[in-house]
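Here the structure comes first, spelled out in structure tokens, and everything after it is commentary.
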Amino acid sequence: MAMPRIRAVRAFVVRGGGADYHDQGAEHWIDDHIATPMAKYPEYRQSRQAFGLNVLGTLVVEVEADDGTVGFALTTAGEPGAYIVERHLARFLEGAPVTDIERIWDQLYNATLYYGRKGIVVNVISAIDLALYDLLGKLRGEPVYALLGGPVRDELVFYATGARPDLAEGMGFIGGKLPLHHGPAEGPAGMRANLRELQTMRERVSDDFFLAWDCWMSLDLDYATRLAHAGAEFGLRWIEEALPPDDYWGYAELRRRVPPGMWVTTGEHESTRYGFRLLLEMGCADLIQPDVNWCGGITELLKISALADAHGAMVVPHGSSVYSYHFVVTRHNSPFAEFLMMHPQASEVVPMFSPLLLDEPVPVNGRLKLPETPGFGVRLNPECELHRPYPR
Ligand SMILES: C[C@H](O)[C@H](O)[C@@H](O)[C@@H](O)C(=O)O
Ligand SMILES: [Mg+2]
């Protein structure tokens, strides 16, 4: 039986959480004085939303086959992303066989090479690729992980990212990643505050529960070096995204300087096999963290992961809910997954892309066995009003 062809592609935007999970209300840990590259400007130090971290919003891409089956996926791209889908990229999908995933990816990437390569364009390509995998899984009646070679372990284990790793340990997570709150602009007092926070959490959790810092691109090499060595006293397991994503040279030097046994990690704001080849060949990271909704989708993450495996590097994708879970469970060099605690106080487990998805699975006791539901196994919440800014 011939596989259906793609009949239509549609791009919607929606605000308030979802894939743009930084788009939260006030009083949320994820926007509470977190160190960023903008923190050198005092007016932008308290809130990342103040400098626009949530300006884009969620992009929802739907791909409909000519038998009526619809696959969909999400990314952070909002209206600019919707424009790119409807006015540029739809032409490479409509009329194509639903199985032409590699061919479509190559056309999307090369047709946007003159203005894309990284950032929002690759976010959009990622969402289209993920929607195609969702559609293919639904047409074949298989979960996406079954399309990728099947699970190599029975269940996923998770670490938790959020302000309360001490609570996360009690929820069964294997470790906790703290957002770093103070960068170089806050000088020695900021460094002391960072270390006090890490010490407090170390004293509240057991020795077997790892602690890591997410520095969200906010540091310089000297500060990161000093922070890593001071953090080692409290068993810091890894220092994440200490430097701007393009500073491959800084990451390579940081990796030479950190205490033996401490991981240097990065990658959530890196794109495509080419960016990750640079990170790996320059020895920038022990563990890379591509976000499957931002790095190029499943099609590109398969290439990135194989490259990392050849370099002996682990791949623990940046938290992206079901879109990374279906990948991680099929990879030997992805031993655990990230769960972003989206509850405002990080005090309970709630679905990461709330409120946008129905049936979004969450870890229970820090573990998750993925269902066999076709595709990524989630549905759009009909109570979330989608808007199609560029209808055709
Ligand atoms: C917690 C960090 O500041 C970011 O908000 C988070 O999205 C990302 O860096 C992560 O690794 O989860
Ligand atoms: Mg991070």
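Cβ atoms are placed via backbone N, Cα and C, with glycine included.
DSSP assigns HIS22 (substrate binding site) to coil, not to a helix or a strand. Among the features that TrEMBL reports, substrate binding site is placed at HIS22, ARG48, GLU338.
Per TrEMBL, domain 'Mandelate racemase/muconate lactonizing enzyme C-terminal' is recorded for 156-261.
Summarising the annotation, TrEMBL assigns Mg(2+) binding site to ASP214, GLU240, GLU268. Neighbour density for ASP214 (Mg(2+) binding site): within 10 A of its CB lie 24 other CB atoms from the protein chains shown.
If you look up TrEMBL, you'll see ASP291 marked as site 'Increases basicity of active site His'. DSSP assigns ASP291 (site 'Increases basicity of active site His') to coil in the three-state reduction, placing it in neither a helix nor a strand.
Taken from TrEMBL, the feature active site, proton acceptor applies to HIS318. Same-chain residues at least 6 positions away in sequence with a Cβ under 8 Å from that of HIS318 (active site, proton acceptor) are, in sequence order, GLY267, GLU268, GLN289, PRO290, ASP291, TRP294, SER324, GLU338.
Summarising the annotation, TrEMBL assigns site 'Transition state stabilizer' to GLU338. DSSP classifies GLU338 (substrate binding site) as strand under the three-state reduction.
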Surrounding CB atoms that lie within 10 Å of the CB of GLU268 (Mg(2+) binding site), all protein chains: 22
ASP214, GLU240, GLU268 excluded, remaining Cβ within 8 Å of their centroid (Mg(2+)): THR161, LYS177, CYS215, TRP216, GLU241, THR265, THR266, GLN289, HIS318
Candidate with sparsest Cβ neighbourhood (10 Å radius) among HIS22, ARG48, the listed binding-site residues: HIS22
Neighbourhood of ligand 2 - binding-site residues from ARG48, ASP214, GLU268, GLU338 with Cβ under 6 Å: ASP214, GLU268
Cα-to-Cα gap, HIS22 (substrate binding site) vs ASP214 (Mg(2+) binding site), nearest whole Å: 15
Contacting recorded positions for ligand 1, chosen from ARG48, ASP214, ASP291 when the Cβ sits under 6 angstroms of any of its atoms: ASP214
CB contacts for GLU338 (substrate binding site) [other CB atoms within 10 A, all chains]: 24
